[in-house]
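What follows is a set of notes on a single structure, which appears directly below.
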């Protein structure tokens, strides 16, 4: 009886142990299955959110719209005792996608055609005798053609080569005027119209029925989105630049008008946004800043004179970007197929993770690939022999 009881107890313990091991393996397989399902769900959620909602992959798009820009600057300022209006400081006067304003001037008055001393900073311009100056030579960094004479440099004791040019030269006779600091309150009106030919939609950044309001408003993204009027101080601040530094060296600022339109909804909800960024080099380089020269000509006593002006200012480059989209069946099908393909790739990645890094990977491998050796199929073949009352006649055996 004791032996029988011991044998039954051992048998029951073995069965329970195998049952627990089987339940543990089933629990691991359930966890693995749940992990794979979660991975697929996450991928599908990512595709739905990023591809279809954020990127709007179900839409056909247009990124090269037709655009026109008109600009106008307004403001009046006092420079010492003189009044500066738009005719004095705005270039060009007709407006366009590029407009500049003069903030500081360096003026050389009463220049006339004649001969004078070359500036001493020009290469080989310093001399002690006439033979040091080659007649007819032109230095491209200089101011004119050399006459072959060596003369005193204006009222100084040293000498430089004489040149034929507009005299006196700029470096010697220039007068630096104070900056036009009141220009910080000047305003720039930027009118923009954009056309999306694919969708046959034309949009503008102002409302046509309220032109008088533009004379007294300033742009604000929430309260005045249809008032494209910006002060120079606002533009400099948005570009993270000091207005006083721009008055000293000048600068080029890009005005970016960004149209991002969803034509699945009302096209009137498509409103542009504006951003500003400095485009030229900020470092102390010869190419940094923004300046240009121009002259005003006049006659006195039958002689032609000119006033040479070197102008430092802000140049605004208006750059328009447009992107519009509308629902279309073809990109929707393409994006859906791509999403389904991505889910298939995800299953391969999940299998690789399970087979490489997860515990019980052998169990997973056996269940997925069925690694158990198959049993050979045996077929019993039974041959039944029946006797015959006939004999083979060829053997000469009688029947």
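A Cβ is built for glycine as well, from the same backbone N, Cα and C atoms used for every other residue.
Just so you know, TrEMBL annotations are computer predictions that nobody has curated.
Listed in TrEMBL for this protein:
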DISULFID  116-167  disulfide bond
DISULFID  127-150  disulfide bond
DISULFID  133-161  disulfide bond
CARBOHYD  185  N-linked glycosylation site
BINDING   187, 310  ATP binding site
DISULFID  217-227  disulfide bond
DISULFID  261-270  disulfide bond
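Each of the disulfide-bonded residues 161, 167, 227 was scored by the number of other CB atoms within 10 Å of its CB, and the largest score is that of 161. Nearest neighbour of residue 116 (disulfide bond) by Cα distance, taken over the recorded positions 127, 150, 217, 270, 310: 150. A Cα-Cα distance of 19 Å separates residue 127 (disulfide bond) from residue 167 (disulfide bond). When the recorded positions 150, 185, 187, 310 are ranked by how far their Cα is from the Cα of residue 133 (disulfide bond), 150 comes first. Residue 270 (disulfide bond) sits 21 Å from residue 217 (disulfide bond), taking the Cα positions as reference. Rounded to a whole number, the C-alpha distance linking residue 187 (ATP binding site) with residue 227 (disulfide bond) is 12 angstrom. Distance noted between the C-alpha atoms of residue 310 (ATP binding site) and residue 167 (disulfide bond) is 16 Å. Sequence-distant contacts of residue 150 (disulfide bond), defined as residues of its own chain at least six apart whose C-beta falls under 8 angstroms from its C-beta, comprise 127, 128, 129, 130, 132, 133, 159, 160, 161, 162. With a 10 A radius on its CB, residue 270 (disulfide bond) counts 18 other CB atoms from all the protein chains.
Taking the C-alpha positions, the distance from the residue listed as 'N-linked glycosylation site' to residue 261 (disulfide bond) comes to 32 Å.
Sparsest Cβ environment among the disulfide-bonded residues 116, 127, 133, 217, 261 (other Cβ atoms counted within 10 Å): 217. For the recorded positions 185, 187, counting C-beta atoms within 10 A of each C-beta gives the highest total at 187. Counting only the Cα atoms, the space from residue 227 (disulfide bond) to residue 261 (disulfide bond) is about 19 angstrom. The two recorded residues, residue 217 (disulfide bond) and residue 261 (disulfide bond), have Cα atoms 25 Å apart.
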